[in-house]
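Annotated features, as they stand in TrEMBL:
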- 87-121: repeat 'PPR' (REPEAT)
- 219-253: repeat 'PPR' (REPEAT)
- 421-455: repeat 'PPR' (REPEAT)
- 522-556: repeat 'PPR' (REPEAT)
- 747-820: domain 'DYW' (DOMAIN)
């Protein structure tokens, strides 16, 4: 046996011979109508007498042409029954028939039983596997052929080079290249073209160019292959040099080469629009401008570069529009969502049948235009056209439903996809993350790995972001170990995600280590490090890193300035913050976003400059943005300014009537000021409007589990031990000056969730281990005091993250310096 594999239910020759006539009746009836060789109709063979070699050959060829192996099998069984001894030529013809009819198992069985084989037999075997996409078997057949000293033809070698290009098998490709040279087959254009394609697709464009230069019999396909290779490798200058050389050698441009270069011009490289217009002029001169391939490439180029009017003009000029042209136009209008939707409707009216690409593009247009209802209608059309199992459509549908927080529908689309590749899995992981379901994202990631799929950089960065949001350092470390083991941890995208993950998880030291060992840090890495330092309250360190970034020649982006402004706000560096804000606008030309402006309001408000902060809001472009007024309202509470606080809260409630945070902040302002009646009115207003306060939730990672706590929570399995530790801790901190109120039952008035999480960490983690607690709401003043004292009496470092910043408590001191 040549290839060791077990075929499924393959009949032997004796089975075919001895089968009952009734079992093959349908096949015989179908086959009888196929015995027409073109010259004359040949009657089906009768059992008893053998036919001659030529007749058998014609019968097998007729089966090959029809693509039906039924009567080809009957012919073979007739030869065996009558004792006919086929020639080698007839065996090869029969072998070719089985491959053409997609019967590779029977072809292999026949090949193994052939008494003799020649180069045609081996060529048919290898070419047959190649045509059916069974590349592994084709490679095995090639290796076996070499052990029998068969000299394969140039056609077979070309097929093998095509396999190497498809599978990225550079080593085998080099072996075949060497074989071509050693055997003296000669490297003409017929073999040069697949060699160029193989080296290009395997990432060795330099070897492709050497092969191209050494060939003396180049044809237009050789030039096109070289240009296509450079285009796919994003080597645009080299591609244009070949194009110019092609013109100098008076080789006529084809529609394929023009299409390849125009596609490369979509990449927006230096002077890409100029080259695109030059090629447009050239295509008009050569009469290719109305060609389907060139016309579509021109549409695609102009629309992706942003010259939409030119794209529309070309679309209107093109005769005999087809679905490919419409797809290119819809894709070009994607950022103008409504225009894409209108073009799709026109396409439907003109009777064009949408393709898979059309539907995936339309779903993207619905996402951009935020048209949920139209998107559901497109989904109905997808089901009507039986495209719901397509992996690309499935992926974009998952993204679509995730956008509207409809994760159940997203999961149904995910499960209905025929082939769930890494893109589909990533869409599902990102969808859960976007909706705050970080645990589900991590569970899906584990399932992805268990199925043997290899995540890409985009998947890894999203999963690490989930770890950061959860504050799960242990999980993030596990993923980093997986990256190192797999040799994919050096990517810039992954390193940036690691910095962000460690920073968000409260482990700023590990974030620094990742940043320092990176070979080359881009603006994203610098920005991640600046923002991490800012959120940890290290204002001076943040400004130091920012200045280092400038000295390194990296131009800061809006994220880097956001980190700097945040650091100035948390550190009370008002004048520095104002200076950096003006530098961002004037020196770097970056337009402030609402986040930048909210930082400035917070900067001024924390410093007690409430009137300046209010004026800043009124003069900005974001005076109707709730986050601006919320920042000012928080400052009003810090400085106990009830008058301004009431005005700001009224504005904020008008902008966000259903948001509980505005009511709660105003309630706390009144309570702190002793205005009980006003506070009760706010509470009653919340009750009337059915506004519920978001419950405080804190969580801590211990081992490989994350435990979460609500206020006064007693649902934890170790709840009794936690409360015993809580009382014990309060007895200790009372001795160092803490004062608290108690109810008659002896429990603390406010056993807030972060206190419970810290006590659980104290009884679960070894001495010396830092306690990292995450909270969904801002830490209250009492808890802030308690955390400082616990860090002192227990001699533990406590890292507490709330939505605003990190608080790092050591020896009774907080990193915020009580400026928060």
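Any Cβ shown, glycine's included, is placed from N, Cα and C.
All annotation found in TrEMBL is predicted automatically rather than curated by experts.
Model confidence over the repeat 'PPR' (522-556) stands at 93, taken as the mean pLDDT rounded to a whole number. Non-local neighbours of the repeat 'PPR' (421-455) in the same chain are 391-392, 394-396, 398-399, 401-403, 405, 407, 410-411, 414, 462-463, 465-467, 469-470, 472, 475, 482, 486, 706; each lies 6+ residues outside the stretch with a CB under 8 Å from one of its CB atoms. In the repeat 'PPR' (87-121), helix, strand and coil residues by DSSP number 26 helix, 0 strand, 9 coil. Beyond the repeat 'PPR' (219-253), the same-chain residues lying 6 or more positions past its ends with a Cβ under 8 Å from any Cβ of the stretch are 189, 192-193, 196-197, 199-201, 203, 205, 208-209, 212, 260-261, 263-264, 267, 269-270, 272, 275, 282-283, 286, 288. Per-class residue totals from DSSP over the domain 'DYW' (747-820), listed helix then strand then coil: 25 helix, 17 strand, 32 coil.
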